[in-house]
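Quick look at what Swiss-Prot lists:
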ACT_SITE  Asp155  active site, nucleophile
ACT_SITE  Asp222  active site, proton donor
BINDING   Glu200, Trp201, Gly202, Ile203, Ser204  substrate binding site
DISULFID  Cys124-Cys157  disulfide bond
CARBOHYD  Asn47  N-linked glycosylation site
CARBOHYD  Asn91  N-linked glycosylation site
CARBOHYD  Asn129  N-linked glycosylation site
CARBOHYD  Asn182  N-linked glycosylation site
CARBOHYD  Asn191  N-linked glycosylation site
CARBOHYD  Asn351  N-linked glycosylation site
CARBOHYD  Asn403  N-linked glycosylation site
CARBOHYD  Asn460  N-linked glycosylation site
CARBOHYD  Asn492  N-linked glycosylation site
CARBOHYD  Asn506  N-linked glycosylation site
CARBOHYD  Asn514  N-linked glycosylation site
CARBOHYD  Asn584  N-linked glycosylation site
SIGNAL    1-20  signal peptide
Amino acid sequence: MLLHFILYAALSSVVTSVSLQPRLQDGLALTPQMGWNTYNHYSCSPNETIVQSNAQALVDLGLSSLGYRYVTTDCGWTVADRLPDGSLTWNDTLFPQGFPAMGDFLHDLGLLFGVYQDSGILLCGSPPNETGSLYHEEQDARTFASWNVDSLKYDNCYSDAATGYPNVNYAPSTSPEPRFANMSHALLQQNRTILFQICEWGISFPANWAPALGHSWRIGNDIIPDWRTIFRIINQAAPQTDVAGPGQWPDLDMLEVGNNIFSLPEEQTHFSLWAILKSPLIIGAALKDELTAINDASLAVLKQKDVIAFNQDALGKSASLRRRWTEEGYEVWSGPLSNGRTVAAVINWHNESKDLTLDLPDVGLQHAGTVKNIWDGTTARDVLTSYTATVAGHGTMLLELQNTTAVGVYPRGVFGVSSGQTTTFQNIYAVTTSAKYIISVYFSQPASSTETITIGSNANQSMISAQVPASSTLVSAEIPLTAGSSNTITINTSIPIDAIHVTPPNGTYYPCTNFTLAGSTTLTTCGSGYCQPVGSKVGYISPSGTAKATISATTSGSKYLEIDWINNDIAFDSSWGWGSNSRNLTVTVNSEDPVRIEVPLSGRHSELFGPGLGWWDTSTLGLLTSGWKEGLNEVVVGNVGGDEGFQSYGADFVGIRVLD
């Protein structure tokens with residue numbers, strides 16, 4: 001009975017099935033790794049003093065005791081030439097005591113020793129040239145083990161032999177997988193278990209192969225010192241959140257908290273999302289050196305124990321995108337935690353403070369005994385259906401919900417008020433306006449004899465009669481509800497009520513093949529089993545291109561749509577600028593104002609070698625549309641405003657389900 005509620009709450013969960021690789025089974029990274037890395041602040045210019053002072057700060061500032069233990073020296077540590085025996089060595093001007101001594105220093109502090117290398121012939125950041133590990137994997141793995149290294153971050157520069165080993169090649173002639181596999185296998189031959197962090201920049205959809213080789217993998221290109229980078233990165237995370245789990249973590253890149261780039265609310269958003277998406281939490285700021293010390297506000301963000309606990313939760317399940325309101329400038333991500341808890345994040349993309357509401361059904365819930373607002377430091381109790389709070393510009397309402405009731409379930413003791421034989425249930429949620437909701441009334445004791453009860457809602461002027469057979473504890477009926485969270489249901493009966501369950505209509509699906517195309521749009525047949533559930537898609541939706549259909553509705557009002565779309569426009573080169581991993585779509589009903597949604601990536605196959613190059617993988621998001629009337633309605637899927645974005649073409653369109 002609750003299945004359909006779960007389906008419409010988990011709005012981003014509909015994706016083409018992919019056979020994913022099993023994780024590397026070695027007992028490491030059962031929760032995402034935490035630590036500190038030189039790169040974000042010091043680029044490729046680290047030295048021994050920098051690493052040691054920041055490592056000491058991890059301890060002195062209380063960060064290591066919270067889990068930040070891996071200390072990694074990124075690019076800039078080695079030299080152009082190997083030793084006569086072919087082994088790696090360090091730059092002894094920058095690291096006069098040497099890397100083994102650095103490892104001893106870190107281990108004496110109770111920290112873990114991380115090094116950086118590259119799967120190419122040179123390290124990223126060359127020139128000045130620093131030798132890479134390509135063709136030297138076994139020897140370098142032995143060297144790392146002899147230095148008592150605890151983790152290896154393994155990059156992807158200067159690696160494509162077929163094109164002359166360029167610094168960067170986002171479309172290499174072959175998948176990066178074999179190069180990372182070579183180092184993974186070499187590490188596994190050592191007598192020391194080493195955390196392997198794969199840094200392939202999201203090339204060739206590593207979620208399909210990296211979990212079998214390493215403990216984390218970069219989902220995309222580097223984080224950049226600008227607020228827009230957050231939207232770009234989480235759009236790339238969206239289609240692979242279900243892959244996260246013990247020993248296999250999608251890496252959203254190192255943290256910029258403390259680098260004086262973001263405002264405090266922006267840092268809270270950044271840290272919140274990385275935490276609940278189960279990314280490794282690797283500090284990229286200068287904690288303490290001769291010139292710099294992290295500010296207190298940023299340090300407090302990094303030390304927020306609840307947020308760290310979300311990241312390190314034993315269940316190991318990532319949050320996923322649930323709803324996105326593009327024009328209104330906010331969205332909801334949510335996921336499960338251990339002990340039946342739920343974490344939810346409501347992101348305010350606008351740079352001004354506003355009151356935002358989380359409708360609990362959007363995250364699969366109807367009631368929460370407690371709602372803890374992490375960044376506000378407040379707790380609300382007995383929250384029914386909706387929770388509202390003020391969210392700073394670019395900030396996030398981060399919530400922990402406990403003692404919850406599943407969506408669509410309304411216990412009388414929580415939602416009902418009784419007077420005599422009349423019980424009124426309040427705060428009833430309706431995702432769409434429809435006369436086809438099913439109410440199931442559960443009684444706390446069997447009916448002693450056949451009884452006729454009446455049921456009404458504020459969306460219906462007359463009461464509905466339903467007959468309860470003798471000895472029955474359940475009766476169901478069809479009732480109307482209006483989209484929103486303020487519906488009421490009134491029931492008259494002498495039988496004591498335990499709870500009601502409310503189920504929305506299944507709706508009707510309209511495939512893209514039923515739409516009339518205009519302008520630039522084209523209909524394409526996909527490979528067998530792809531572009532689900534239709535097998536075809538409409539593409540090349542320019543700002544003047546449309547797909548139009550006439551759709552019948554049984555009632556007027558606002559209707560909830562589930563739109564199936566495809567987007568694999570990955571921001572590689574464009575990630576340094578305004579690339580966002582998103583594309584635009586609009587839905588217009590009866591010439592009303594279009595409802596716009598900027599959809600994230602959906603691709604779950606390699607953009608270079610996979611079926612359809614990732615452009616056959618469907619995902620789903622929901623949106624509420626207005627302007628519906630009883631009878632026939634003109635529905636237009638288009639790309640209104642697309643010419644104002646970075647990418648003028650919209651996402652590909654597969655179909656829509658209208659909940660009427």
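Residue numbers in this text run from 1 along the chain shown.
Heads up, the Cβ atoms here are built off N, Cα and C, so glycines get one too.
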Candidates Asn129, Asp155, Asn182, Asn514 (recorded positions); nearest Cα to Glu200 (substrate binding site) turns out to be Asp155
Near the substrate site, what residues other than Glu200, Trp201, Gly202, Ile203, Ser204 in the same chain have a C-beta no further than 8 Å from the centroid of the listed C-beta atoms? Asn156, Tyr170, Pro176, Phe205, Pro206, Arg218, Gly220
Determine the minimum-neighbour residue: among Asp155, Glu200, Asp222, listed as recorded positions, which Cβ has the fewest other Cβ atoms within 10 angstroms? Asp222
Would you mind reading off the Cα separation of Gly202 (substrate binding site) from Asp222 (active site, proton donor), to the nearest angstrom? 10
So which one is it: of the glycosylation sites Asn47, Asn91, Asn129, Asn191, which has the fewest other Cβ atoms within 10 Å? Asn191
Going by DSSP, is Gly202 (substrate binding site) part of a helix, a strand, or coil? coil
Determine, to the nearest whole angstrom, how far the Cα atom of Asn403 (N-linked glycosylation site) is from the Cα atom of Ile203 (substrate binding site). 41
Residue among recorded positions Asn47, Asn91, Asp155, Asn460, Asn584 with Cα closest to the Cα of Ser204 (substrate binding site): Asp155
Nearest of the recorded positions (Asn47, Cys124, Cys157, Asn191, Asn584) to Ile203 (substrate binding site) - Cα to Cα: Cys157
In whole Å, how far does the CA atom of Asn129 (N-linked glycosylation site) lie from that of Asn91 (N-linked glycosylation site)? 12
Which entry in the list of glycosylation sites, Asn351, Asn584, has its Cβ near the fewest other Cβ atoms, using 10 Å as the limit? Asn351
